[in-house]
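*Asks:* If you look up Swiss-Prot, you'll see 1-22 marked as signal peptide, on the strength of sequence analysis. Annotated molybdate binding site per Swiss-Prot: Ser36, Ser63, Ala149, Val176, Tyr194, in sequence order.
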Amino acid sequence: MRMIGFWQRALCVLMLTLPVLASAQTAPVTVFAAASLKESMDEAATAYEKATGTPVRVSYAASSALARQIEQGAPADVFFSADLEWMDYLQQHGLVLPAQRHNLLGNTLVLVAPASSKLRVDPRAPGAIAKALGENGRLAVGQTASVPAGKYAAAALRKLGQWDSVSNRLAESESVRAALMLVSRGEAPLGIVYGSDARADAKVRVVATFPDDSHDAIVYPVAALKNSNNPATAAFVSWLGSKPAKAIFARRGFSLKD
């Protein structure tokens, strides 16, 4: 009977202890990040967990798609967008903590071709992109109505007088990485992506860089989300502006803002 009593007491102690142990385990920080951030954020997440013990889980897609998911209640702690518009959209809907929002990175907009391509294109020359596409080629871009890279591309094409000759020859994709893949696989002779995307894929080469004044400045804002109840969220957002994190982003082809 004494042995039974001992095990009963031990079981009670264990049951009381389990919730404490579970809460002591660090919950991962969930980040919704623009597709163009994949390599850099994968590396940053690994570095942060190694330094702090806090795991980071990142989901990638077009900023537009991620913002809509957050608006609909998808569980996330941090939003890392490829443009200001979608971050502003969430902030206007009260879903972002303004005090924990930072304009962290910049990028360039480039015209890419498969690495084996011999094409040379001056995007300032009238009709140059349409001519380079040939008779049946299509220009790979992100969706021009919603995907940040697609919107930047459309603005640059209009500014440089190329839009009318290529607007009916666009292969619009759900994200900038999907557009990059079309070029990488040789399914499109040309595409418009970020400079960091081109650096991430050895199967493409940069044909031209669009002038900075042909489109709005490319800015990547990051922010903690209002509905996050993860105590590690603020620390992670702050760490993204640290020297170790900035070194990762710079190495991957991004320019630094803050």
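Cβ coordinates are placed from backbone N, Cα and C, and glycine is handled just like the others.
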*Asks:* Is it possible to get the count of other C-beta atoms within 10 angstroms of the C-beta of Val176 (molybdate binding site)?
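*Replies:* Looking across every protein chain shown, the total is 31.
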*Asks:* Do any residues at least six apart in sequence from Tyr194 (molybdate binding site), in the same chain, have a Cβ closer than 8 Å to its Cβ, and if so which, in order?
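*Replies:* Set apart from Tyr194 (molybdate binding site) by at least 6 residues yet with Cβ under 8 Å, we have Ser36, Ala82, Asn107, Thr108, Leu109, Val110, Ala149, Val176, Ile218, Gly253.
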*Asks:* Please find, for Ser36, Ser63, Ala149, Val176, Tyr194 as listed binding molybdate, the greatest distance between any two Cα atoms, in Å.
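*Replies:* Per the listed residues, the maximum Cα distance equals 14 Å.
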*Asks:* Sort Ser36 (molybdate binding site) into helix, strand or coil using the DSSP assignment.
*Replies:* helix
*Asks:* Taking the mean position of the Cβ atoms of Ser36, Ser63, Ala149, Val176, Tyr194 as the molybdate site, which residues outside that list, in the same chain, have a Cβ no more than 8 Å away, listed in sequence order?
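*Replies:* Apart from the listed residues, the neighbours are Ala34, Ala35, Ala62, Ala82, Asn107, Gly142, Val147, Pro148, Ser175, Arg177, Val193, Asp197.
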*Asks:* Sorted by position, what residues of the same chain at least six away from Ser63 (molybdate binding site) have a C-beta under 8 A from it?
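*Replies:* Same-chain residues close to Ser63 (molybdate binding site) (Cβ under 8 Å, separated by 6 or more) are Ala34, Ser81, Ala82, Asp83, Trp86, Val147, Pro148.
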